[in-house]
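**Q** Below are the features I grabbed from Swiss-Prot:
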type: DOMAIN; residues: 116-348; note: domain 'ATP-grasp'
type: BINDING; residues: 146-208, Glu230; note: ATP binding site
type: BINDING; residues: Gln297, Glu310; note: Mg(2+) binding site
Amino acid sequence: MIPKEEIMGIFEKYNKDEVTIVTVGSHTSLHILKGAKLEGFSTAVITTRDRDIPYKRFGVADKFIYVDKFSDISKEEIQQQLRDMNAIIVPHGSFIAYCGLDNVEDTFKVPMFGNRAILRWEAERDLEGQLLGGSGLRIPKKYGGPDDIDGPVMVKFPGARGGRGYFPCSTVEEFWRKIDEFKAKGILTEDDVAKAHIEEYVVGANYCIHYFYSPLKDQVELMGIDRRYESSIDGLVRVPAKDQLELSIDPSYVITGNFPVVIRESLLPQVFDMGDKLATKAKELVKPGMLGPFCLQSLCNENLELVVFEMSARVDGGTNTFMNGSPYSCLYTGEPLSMGQRIAREIKLALELKMIDKVIS
């Protein structure tokens, strides 16, 4: 892990009046960049030339850093270019996937918003389970391996893969049949299979809950809630049951979009309690904790119990559903507030208070 002192040494050489907010052109970059501009920051996007159109058309980026391929963002010349523009990187799922988690931890020497040490805790299922379970949250039962399957389960794989390759099954035979099918399609590798995470299949309504922990205020804020629109499962359910059986199509769970939702108000105490508990436990296990945005992906069962099956320890893709604010984020100040603008506002306040060390790593 890059020492915090080294990152702060780099930041101390910056022109503090010309900080640029930067991210990779993908995932949640539109509201990250737009939010930064609304707070008065200069912005830059890292992109390839064949994917720069959205950032030009929407006008969210002041500068463009072009790479031949996204994995080039970890190269030293790109890092130096970022440091030269006084960059603070806002990481999201695509940034971590392209840069590589090892590089983010050990070689990417550019100041980054949030706690880079916690990113591995969302990527590795055992660490994620340790944090979620240690927080006292209700999580699905975990199975040690396919031979232990004794009922409906969901099989997942590590990393920010947008649900690709996930599948449900009920027996060990079904597990291996689907594994072989996905390997034949090139969706899974032997390494993926070795790291398969098998958990109880919880029946309930899906809620992805987006929080922001402010280290400057020591407070967890509820920013918004969304649901995912997944292919092919959301298209498959439109097919009559008798036709589904005849077609014999195995559903996939690839995230193609998100839509905003509100949760019944009587569940909000539970929602806040979950966020508070996770933020508190994160401070203990991965100091300084869950800085900035995080997400708890949950299912609400018929007993109105929220079961958390996954977390994001950085800005989640579902925050795109409230680029102009959510029914919850607007309650804090009475203004539309995206997650991107909330991030930029925290950075701005940290600079004003000379407490930037509290929000970057």
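Numbering starts at 1 and runs along the chain as displayed.
Cβ coordinates come from backbone N, Cα and C, glycine included.
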**Q** Per DSSP, to which secondary structure element type does Gln297 (Mg(2+) binding site) belong, with helix, strand and coil as the options?
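**A** The three-state answer is strand.
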**Q** If you draw a 10 Å sphere on the Cβ of Glu310 (Mg(2+) binding site), how many other Cβ atoms land inside?
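**A** Taking all protein chains shown, Glu310 (Mg(2+) binding site) has 20 Cβ neighbours within 10 Å.
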**Q** Identify, in sequence order, the residues in the chain of Ser170 (ATP binding site) that are 6 or more apart from it along the sequence and have a CB within less than 8 Å of its CB; answer 'none' if there are none.
**A** Ile149, Gly151, Pro152, Val153
**Q** Out of Pro146, Lys178, Ala194, Val202, the binding-site residues in the record, which is closest to Glu310 (Mg(2+) binding site) when you go by Cα distance?
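**A** Sorting the binding-site residues by distance from Glu310 (Mg(2+) binding site), the top entry is Val202.
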**Q** Tell me the Cβ neighbour count for Lys178 (ATP binding site), meaning other Cβ atoms within 10 Å of its Cβ, over all protein chains shown.
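**A** Counting Cβ neighbours of Lys178 (ATP binding site) within 10 Å gives 17.
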**Q** Quick one: give me the count of other CB atoms within 10 A of the CB of Met154 (ATP binding site).
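**A** So the Cβ neighbour count for Met154 (ATP binding site) comes to 17.
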**Q** Which residue, of the binding-site residues Pro146, Gly186, has its CB surrounded by the fewest other CB atoms within 10 A?
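**A** Selected from the binding-site residues Pro146, Gly186 on minimum Cβ neighbours within 10 Å: Gly186.
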**Q** Three states by DSSP: which one describes Met154 (ATP binding site)?
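**A** The residue in question, Met154 (ATP binding site), is strand (DSSP, three-state).
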**Q** Report the mean pLDDT of the predicted model across the domain 'ATP-grasp' (116-348), rounded to a whole number.
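**A** Mean pLDDT, the domain 'ATP-grasp' (116-348): 94.
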**Q** For Gln297 (Mg(2+) binding site) and Gly186 (ATP binding site), determine the Cα separation and express it in whole Å.
**A** 27
**Q** List the residues of the same chain that sit at least 6 positions away from Ala194 (ATP binding site) in sequence and have their Cβ under 8 Å from its Cβ, in sequence order, or write 'none'.
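**A** Those within reach of Ala194 (ATP binding site), by Cβ under 8 Å and sequence separation of 6 or more, number none.
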**Q** Cβ distance under 8 Å to Val202 (ATP binding site), same chain, sequence separation 6 or more: which residues?
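**A** Those within reach of Val202 (ATP binding site), by Cβ under 8 Å and sequence separation of 6 or more, are Pro140, Leu299, Asn301, Val307, Phe309.
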**Q** According to DSSP, collapsed to three classes, what secondary structure does Val202 (ATP binding site) have?
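**A** Assignment for Val202 (ATP binding site) reads coil.
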